[in-house]
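Record features (TrEMBL):
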| type | residues | note |
| --- | --- | --- |
| TRANSMEM | B:12-28 | transmembrane segment |
| TRANSMEM | B:57-78 | transmembrane segment |
| TRANSMEM | B:85-104 | transmembrane segment |
| TRANSMEM | B:133-151 | transmembrane segment |
| TRANSMEM | B:182-201 | transmembrane segment |
| TRANSMEM | B:207-228 | transmembrane segment |
| TRANSMEM | B:237-258 | transmembrane segment |
| TRANSMEM | B:264-281 | transmembrane segment |
Amino acid sequence: MSNPIILELKNVTVYVNRHTAEEIKILNNVNLIVRKNDFITLLGSNGAGKSTLFNVIAGNLAIDEGQILIDGKDISHLSEEKRTKFISRVFQDPKLGTAPRMTVAENLLLATKRGERRGLHLRQLNQHMEDFKKITATMPNKLSERLKTPTGNLSGGQRQALSFLMATIKKPDILLLDEHTAALDPKTSAELMEATQKRVTEDHLTAMMITHHLTDAVKYGNRLIVMKDGQITQDLNANEKAQANIEELKIY
Amino acid sequence: MNLITSAIGQGLLWGLLGIGLFLTFRILDFPDMTVEGTFPLGAAVSVTAIAHGVNPLLATLLAFGAGMIAGLITGLLYTKGRIPILLAGILVMTACYSINLRIMGTSNVSLLGKQTLFSTKFLTSLPKFFDSVFLGMLIIIVVVALLALFLQTDLGQSFIATGDNEKMAKSLGINTDQMKNMGLMVSNGLIAVSGALIAQSDGYSDVNMGIGIIVIGLASIIIGEVVFGELTMNQRLIAVVCGSIIYRFVLLLVLKAGFGTNDLNLISSLVLALCLMLPTLRNKFQLNRIVERGTAIPSKERNENE
C-alpha cells in the first residue's frame, strides 16, 4: 500500500545561459514523486542541483521545461508567494529565516498566516502568547524564554529553531529543509535534528531535507536521494537505505 | 518666545516629512529620492488648487493623492521595472520638476489673500505662531495614531517584515512588491501633505522648494534616534517628530549665530553627516556610555545573553 502523491516533478529541466555556447542544464530531466509522509534526505556534492531542485519546487527559480504538480494541480507557473500556501522552507543561513528587528512572538505570528491574505485586522499578539509559549517549549535552547526578544539578538541555534518552528507552525503540504543545521555547532545541530525528526513524525509532515552529513542522511527519513550533475542518480527506499553502506554513498 | 513657538510649529509641520520618510528609509530600509519631487508636488498641487478657489482641506487631500501617485510610479519602476530604487526615485523626482512647473504654470505661485488651512477663524484667533503648532499637532496626532494602529495589523506586520527580511517575508507568502508599493505610496502621500502644509504656512509655493528635502527628513529621523535611543516602533514615530522639532531649533541657533538662510542646506548636510557618523565616532573615542543610538542592539538584551 502506498500513500497518495503530494508532489510530482515531471521531466523538469532548468538551463543557465540557454541558447549560448556555455549552455548548462543545472537540472536535467528530473522526475520525482513524493508521497504523503515521506521524509526524504537529499545528498549530493556542491553543484549537483539539490538547492536548485528546492528553488524550483519553492518557486523562486522558473523551470524551462517540464511540470511541477502539487496534489495533482499544476503549479509550474504559480508565483513563489502563492506556493507558500503549500510549501514552507527553512534556509541554511540563520539570518534568512527570521526578521531580526521583530520579536520571536511577532515572527511566529507572521508564520501562522503563511500563504494567507493579510488584511487590516489587528494582529492580536497577546491572544497567541500561550500557544507560542507551548510550541517554543518543544525546542531546545530555551527559546520559550525569549518570546519578546528581537530575533537579531538570538543565537544562531535559537534562530534556526525558530525558523523551523515558523516553517511548521502552520502545517505545510511539503516542508523543505535546506541544510538547516549546517551552520550550527555539532551539539546544537544534533539537538535541532532530533527536534526535527520528532516534529516531522508527530505532525505527519512530508519533508525533504538537504544534508551533507552522511550519517544524518542515513539515520533520518524513509527515503534517500542522491543527485549528481542535475540528475537524480539514486533513489533508495527505507529498506535499501538501511542496507546502504556509508562508504558506498561517499562516492556521490 | 515667538521664535521658539515658531520653531515648534514648523517642526510639527515638517515632522510629517520625517514620518513619511521613516516608512521607507527605516521600515522598508531603502532611501527614496522621490521625496525631493513629491514635497514640492504637494505644494504645487495644493497651492494651485487653492488659487483656483478649491477648499484648502480638499486641496491638501489632493496633494496627498498626487504624492501617492508619484510614489506608486517609483514603486512600479522599482518592483516591476527592476530599476534600482535610488535611480527610480531620481527619475520620478526629476520628472516631478517638470510636472510641478506644468501644474503651477510658473516657478512661483503666491497665496496672498487666499483662504488656506491657516485662515480658519479658530486658528487666526490664536496668538501668533500658535496656529501652526495647533494644526501641526492635530495632524501629527491623527497621522501617528493611524500609522501606529496600521503597523499593529496583519498587513502592517507584513509591511514591517518586508523591510526587515524580504526573503523570509516572501517565504511566508507576503507579496513584498505590493508592500513596497504601498509603503512608497503612503510615504510620498504624507510627504506631499507636508509640502502642502509648509506652502500654505509660508504663503507660496516654489518649484525649487524640494531641493535638499531628503536631508531634512533624514535629519529628523536620525536626530530622533540619536537623542532618544532604543524605542518601540510607536515611540520611534514620535521620536521622528521630536527630531524634526529639535532640528528646527538647531536651525534657529545657526541663524542666530549669524549664518544666512542661503547657508541652511550646507548646515543641514553637516548636521546629518555628523549624526550619521556618530556611531563610528563613538566607537573610536569610546563614548559608548555617553551617547546611546537608536538603531543599535539594546544593551540590556545583550547583557542577558552573556
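Glycine residues also receive a Cβ, built from the backbone N, Cα and C atoms like all the rest.
Computed from a predicted structure; not experimentally measured.
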Do the transmembrane segment (B:237-258) and the transmembrane segment (B:57-78) share at least 3 Cβ pairs closer than 8 Å, excluding pairs fewer than 6 residues apart in sequence?
no
Ranking B:57-78, B:85-104, B:133-151, B:207-228 by the number of C-beta pairs under 8 Å to the transmembrane segment (B:182-201), which range is first?
B:57-78
Using a cut-off of under 8 Å between C-beta atoms, tell me which stretch among B:12-28, B:57-78, B:207-228, B:264-281 contacts the transmembrane segment (B:133-151) the most.
B:12-28
Look at every Cβ pair spanning the transmembrane segment (B:12-28) and the transmembrane segment (B:85-104), keep those 6 or more apart in sequence, and say whether at least 3 of them are under 8 Å.
no
